[in-house]
Amino acid sequence: MSTETIGFIGLGVMGGPMCRNVATKHKGRVLAQDLSAEALAALSDTKAEAASFEDLAKTASLVCLSLPGGPQVEAVTARLVEVGLRAGAIVVDLSTTPVAVARKVGAELATHGIHFADAPVARTRDAAQRGELSIMVGASPENFARIEPVLRYMATDITHGGDIGAGQVLKLVNNMLVFENVVTIAEMLVLGEKAGVSPKILIEAVSKGSGDSFALRNHAIKSMLPRDFPDKAFSPEYVLKDIGYVFELAEQTGVPLRAADVVRRYYQDAIDQGHGGQYYPGVIRVVEAGQTKERDDAAS
């Protein structure tokens, strides 16, 4: 494990810093691949080697993916098989996908003797840069033991949830909760501020009480308080993608998600009101604007 060649495909907002940590800490070769020359150039100060898709597939025995979603994961894994990923190799998908996609990809790779683990990541880009992510894994016990040392390059907290698909279940319910929490924090801040309390005091007081949360201590303090919502971060479009996966799972399991449905409308409103492409805690601007589709529909 310590010297095997690792391939890393997808060097975006999270993939770039994750690959950097792998390249910094791994003793063996690290091959990197991305459609963006700029993303590859950002790793030029590490030992990560820019590689063609074909060379990576034929050389790496462990391939990490960090891709936008399910369709990309299906396409990339199919291409890996097509160009010669060897039997016995393992694909570790760090992306967020539908549970059904993880299980489908795992089954298809197995027919070629290739192992698979879904290992979506949680926490922020800053945490990715520090190697302090939380990773939730769906894999056989044997495959989990094989990939855990590599995951440790990127994460401080790793949870083995069960067989293939379990990692995505954990990630989706986690994201659902965080997206809902960010909206309720936005409402709390706007309400409290309009009632005459400083937003800094609001956050300080709530963080010391039962309303404390990871989102309050991170998204609220670092982004919502200074109203800093940069581009090229996790945007409302990505929120809607993940919530869409949540609702696919809810339909498959017969679980009603009323709160998540309301929250989904808030993030759609953020896009409709011109905040698409910006860091998703900018949904607070929707609350400040005082109009949502739900209210507009009720008024009509």
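A Cβ is built for glycine as well, from the same backbone N, Cα and C atoms used for every other residue.
Noted in TrEMBL for the protein shown:
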- Lys171: active site (ACT_SITE)
- 5-161: domain '6-phosphogluconate dehydrogenase NADP-binding' (DOMAIN)
- 165-285: domain '3-hydroxyisobutyrate dehydrogenase-like NAD-binding' (DOMAIN)
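Summarising model confidence by region, the domain '3-hydroxyisobutyrate dehydrogenase-like NAD-binding' (165-285) averages a pLDDT of 97.
Note: Lys171 (active site) has non-local neighbours Thr96, Pro120, Val121, Ala122, Met136, i.e. same-chain residues 6+ apart with C-beta under 8 A of its own C-beta. Sorting the domain '3-hydroxyisobutyrate dehydrogenase-like NAD-binding' (165-285) by DSSP state (H, G, I as helix; E, B as strand; all else coil) yields 91 helix, 2 strand, 28 coil.
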